[in-house]
């Protein structure tokens, strides 16, 4: 109330004092309306977001089926998961996927965005073109790439590579090539949308910084290195973290491209969770592994944020 | 009516200055790199679309033997009608439409009412709710998959199962923190004078929402509707768990099964049909979509 009045005087609004009494009634009225209006949101978030998160913590320590409550089993679910011989392989595969995605996929959108932002008059054409793969439903893209990865010498990708004297490769049938092939599909499908995010960041870089750099005698490459990239640093750091968190949860692409094979070389942690729950019906083990994955992801995020905060302060 | 758009201001200049453009070497490098990148973008982005279209009107043998041939045995437009009628693509497309429309409706109701309560009415408990909503942004979606499935199999308090009902995809789609966040930020910028004026004129909160806030929020409502539509059309994992009746499944979930049972030419035709609708939506709404996509960056930065 007081702040309202102060604000009113600050903005030179004379009617504040006159309107004080109805304002109080309005506020009370607004209070109940606010609850009623927020109700759909509270219900949906409560039921389908907050409660499942709490529940996953409970379930990890229970033996449960789909109906009714479970019985407490202490740490038995965790012991089961940790002794599963499939776990180390799934962890290795997931880390390998994340690393490949980072090394091969992370720089592409940055370079593309810097380039596109310089295309006066052509910017929207280039951004639409770059974003196009992100429009394809992932399932369609995955099934299409499965055809491209046909291991026969006539396969679409092998035929293309033969023109430059490479191959033929067995792609998804090879234990060493299957994961890089999955990563390539993912990069193709996601690079465009990340590029658009960077383009948004670039449009906020003030022209006067480039002006100043140019007056100081910086060439174009130096301007990119000393102005553009530092200005994008916040975005780069956060998108790096998001990509890391996203790739550690990869599921649909290896699930539909390879089904986890050959010889479990593309089975990821999330596929293991899926198998526990929906193939073996062991919901407790699935919840325990989910809890562990979430703990790891939270830890990664916390460490990362702490490290980058110190780094950006120094 | 004045709406405050959080659009970045027009750029006065960028990395390369008019001075640079006077130098021949800069112009040459820029020109060649433009041609090179345009060519590789066309190949990488447009190429697969064109190839899929070609494969969808080719025979299976042509696609396998001559992936880059120009219709050695002629075009087969009937693949598309075979896919549409005989492998039930028409039904799956309809299911996708039902799923998408419901998700848009639920999302918009939840987002607009919650954002209005948080940004305009500003109750004392607002920040707590807002914080709890934002916290879900950082919770990995996939990790919540198993408990969410358990929740819809046996709903708390009601003890009914939503599995194999469209509510099981419609309702969870409403719990999207990002949509609430961008709508709330958009409403935060609404001029308070207009809301005050409506209040002085005797409009209650609901009338203000309907007659003042909703018209002002329309651009963001469109952005969100398009974002939800694209996301719903793309979704695979959750609908595959929640909608287990084959007759109810959306096209994304049904396609892998179609791929296993139909011959390649029909499979390609089915995939092409599944792609056309989001492609058309994108071409019509690309401005809104690209804005939504870069907004997600604005919040991350």
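Here, residue 1 is simply the first one shown, and the rest follow in order.
Backbone N, Cα and C define each Cβ position, glycine as well.
When TrEMBL is compared with the stretches A:28-51, A:52-75, the one noted as transmembrane segment is A:28-51. Record note: among A:152-176, A:177-201, A:177-201 is the stretch given as transmembrane segment by TrEMBL.
Most Cβ pairs under 8 Å to the transmembrane segment (A:95-116), among the stretches A:128-148, A:177-201, A:232-252, belong to A:177-201.
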